[in-house]
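S.K.: My questions will all concern the structure given below.
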């Protein structure tokens, strides 16, 4: 079923399906389903690859895709098709691009246009890798690669606001970064524009240019929002869903990075399940932090008392680590 047909069914029949990156649980379910299909049908590794990458739509080809899609019921078959072809592609994970490969890619696009399957055969890289490399690098040979200047940040902010906020759209969604890059004259790639906006400039715009920093209250809210989700692994989380009208400063990417920081602060987290990690963070972040104004008053009272008593106190490193605000996303 095509993407256009899916969108039509969403509008006319209320179809609901999952989009975005496949979770670790979904990846494992598909891996097991593919292995089971291979064993049930007595296929060798070579025959399995021939089936996955077959160009002719035979009955066995259609049966394979429909059967393995049952393993991830919230995903449409075309999403499974594209995911599996990427995951099992023999050309995946080849490392950094060389100058010779960039030259071949540029020539291939000149000869074949942006037909990425055909370009892939010519270049020897996955179609998606060819597309992204061309759009983010080869097509923009003169783009800036160093730190963003204030003038560039102002220009990016102005363009994104004009294409979203000024048209009554949210600035964190439905941004066509290719158009933004072109509006900037190709000085920055679509990838550079997207990352700069989501990781830095978006929160600045939302807070009227005030310097807002991630704090313990944000960590408390994040942990409790994740705790409220019915997920078995954090790769299942749609980070956009955590935002609400009262807490929408941070981009979904920032929330994901902050969650990773919290998780990695637990000793032995690599060998823990999501539920086990959640149990620990629920205890560590179970109490709402004292408001900043109250902390300042308490600190002032403590300082006054210490001065009157002429004594000194030693504050443990553990308390300092747990109380200080985390650094901002600059």
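Using the three backbone atoms N, Cα and C, a Cβ is placed for every residue, glycine included.
Unlike curated entries, TrEMBL annotations are predicted automatically.
Not measured: the values here are computed from a predicted model.
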S.K.: Do you know which of 241-285, 286-330 TrEMBL annotates as region 'Disordered'?
M.R.: 286-330
S.K.: Given the model, what does the mean pLDDT over the domain 'HTH myb-type' (89-142) come out as?
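M.R.: Mean model confidence (pLDDT) across the domain 'HTH myb-type' (89-142) is 90.
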